[in-house]
Ligand SMILES: C[S@@+](CC[C@H](N)C(=O)[O-])C[C@H]1O[C@@H](n2cnc3c(N)ncnc32)[C@H](O)[C@@H]1O
C-alpha cells in the first residue's frame, strides 16, 4: 500500500503533469463545457455490455491491422496462418487446407492472407454468416472480455472479420469452429468455438490452469495466463474503457495505475450460485431418474446456456467446495420434484474468536472428538486452546491486514453440515467457516477488526482476501491532499476540512463502517432494505472498533491502537485536512433504504466538506443521479465499479459536468470534476473482470 501511495499518489504527480501539459502553466484550462457543447447528440449511452465492448475492440483491431498490413502488404502479416477449411474434411479450394471433423488439422496452408490487406471496415455491409467451418487462426489480442481476438476474411464477403475465440491468448495458433448465431450482419466480429490450440503462445509458459473444467465452464477466462500477466491485462481493460467509453479527451484521463492483485489467486470466492435445469413439459421427472447436470453455464458457444456439471470450483473457497458436495447430494435427492430450473445459493459465513494471547496456542494430536487438524508442517492435530470469553469478543485490536496462510486447519463434515476452522498464529485468532444455502440467512464476514453481517442473498464483495488491502487503499486516498485541489478554479471553500461521507449504493455498509472513524458523520443509501438493516446492525456491531480507532483504548490501556491511527490518519488528520474524528459510538452513521438519487433530496452535509463514494451495480449510476451529484458538488468523489465501461461513461459525465444543459437558476452553482487518480483492483483472479477505482475532485463550472 505504502509503495503504491509513493508511486501513484497522493500527490498524483503524473496527473498534475498531465493537467499542466493540457492547460499550459498560465493558461486557462481547456473548456470541457465547450468540448461537450461542440458535440451535440453525443450523449453517452453505453451500457457496458459485452457486445458493445467487442464491437469497439474489433473495429479498433481491424483498423490497426489494416495499417500494419498496409505497411507490409506482401510480408507474412497478422492474417498469416488464417485459413478456411470445410467441416467434412474436403480440401478447401481457396486455401488447399484440409481438416478432419474432430479438429485435428493434418495440413495447414498459411499462405492465403499474405497478399491481402483487410478490406475497409468503415461501413461493413450486411452479410450472411458462414457457419460450421473450421479455421486456423492466430490470436492477435486479448479483449476486455477475456477472449482472444483473431482476424480472418469473411468467406462470403469482401470484408474482414474479427473472430472472438474463448480461452485463447495473443500468439496462440488455434483451430476454431464457426457456428450459427443470431447477430446483426453489420458486426465487425463473430464468435467461434475453440477446437484446439495448435501452437501455444509463449505467454502460456509456466502456467497450468488449475481447474479441470477450464475451457468449458463460462466462469473463468484467464487461467492459462501467469498472474502477473492477468494483472497487466486488467490495467489495459481500464485504459481501454476510459479511451473508448468516457467520451473524454485523453488529456483529461491520468495514466492508469497498476492493478492491485488479490492475495488469493484461487480459493477466494465466498459466494457461488450453481444451477440445474427444470424438466421438459412433455416429460416430467420422476423419482429414480438420473439427476440433471448441476453447476455453471458452459462457455463453448455451441452449447451456450447449457449447464456444465461441476463437482469442484477452484476459485471458490474451501468451505463452499465442501458445501457444493452436500448441495449436489441434496439436488440428487430432490430435483425430480422441481418443475423449473433452480439456482442454489452457497455463501460463506465466518465466526471469529480471538484467542487469549497469554495462553500459548496448543496443538495436540487428534483426540477422541475426531476434530482433525492439519498443521502447517502437514501433521494432524487438534486445536485445544480455550478462548477467554472476554477477550474472545475483542476483535477491535486486530490489524487491518490480510492474515495470510493459517497456521493450522481443522474440519468436520457430516452429510448435512460442514465447517472448517483456521487458526492464525501471529494474531492468535481463529475463524470457523460454515456456509449457508438459505437466502434469508444472515452471514458474517470479518475484515481485520471489522465485522460485517450481510443478508445471504444481498450484495457483499465476493473476495474477502483482497478486502483489507482494498479498504486500506480507499482509506488512504479518501481525502484530497493539498495538491489535489483542482488545477483549475480552486475554490476557497475547498480548503475546509472534509468531515462528512456520503456512501451511495452502500450495501451493508462496507465503506461507511470501515471509514467512519475518519468522519464526523456518515450517511449511506441503498435500495435493498435487507442490506440497510444489516448496515445499521454493522454500525452498532463495530462501535467498539471505532472507539478503538479514534483513540479510546480504555479497554486495554495498551496504546496498541496507534498503529491504526497512524494508518488511518484519524485524530490528527492528514496534512491539515480531516482531523475531525473524535471518540464516538456508532451514532455518526445513518442509513436510508431508497433509490440512490434520493440522497440528494435533503443532504445534511455541506458539499465543500463532503466526500461521496459511489459503488453502483454493473449498469452504473443513473443520469439523474449524476446530474444531481454535479448540482450538489461534493468536494471529492470516489467511484468504485465492477464494470469499468459504465464507470468510464459516468466519470466522463462527471468530468463534463452533466446537467448543465438542463438549465438552472443563475445563482445556483454547478460543478464538474477532474480525475485525480484511476486504477483497478483484481477482485476476481482468473476471470476477465476488474474493479475500477477512480478519485475525482470538484471544479466550479
Ligand atoms: C456493487 S454493490 C456495492 C455495495 C457496497 N458498496 C459494498 O461494497 O459492499 C451495489 C449496491 O447497489 C445497490 N443498488 C442497486 N441499484 C440501486 C439504486 N437504484 N439505488 C440505490 N442502491 C442500489 C445494490 O443493492 C447493491 O447493494
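Cβ from N, Cα, C; glycine included.
Keep in mind that TrEMBL annotations are predicted by a computer and have not been checked by a curator.
TrEMBL lists 461, 505, 526 as binding S-adenosyl-L-methionine, and of 602, 615, 624 the one it places in that same site is 615.
Range with TrEMBL annotation region 'Disordered', chosen from 52-90, 91-129, is 91-129. TrEMBL assigns the feature region 'Disordered' to one of the listed ranges (440-459, 480-499, 540-559, 560-579), namely 560-579. Per DSSP, the secondary structure of the compositional bias 'Low complexity' (407-418) breaks down as 0 helix, 7 strand, 5 coil.
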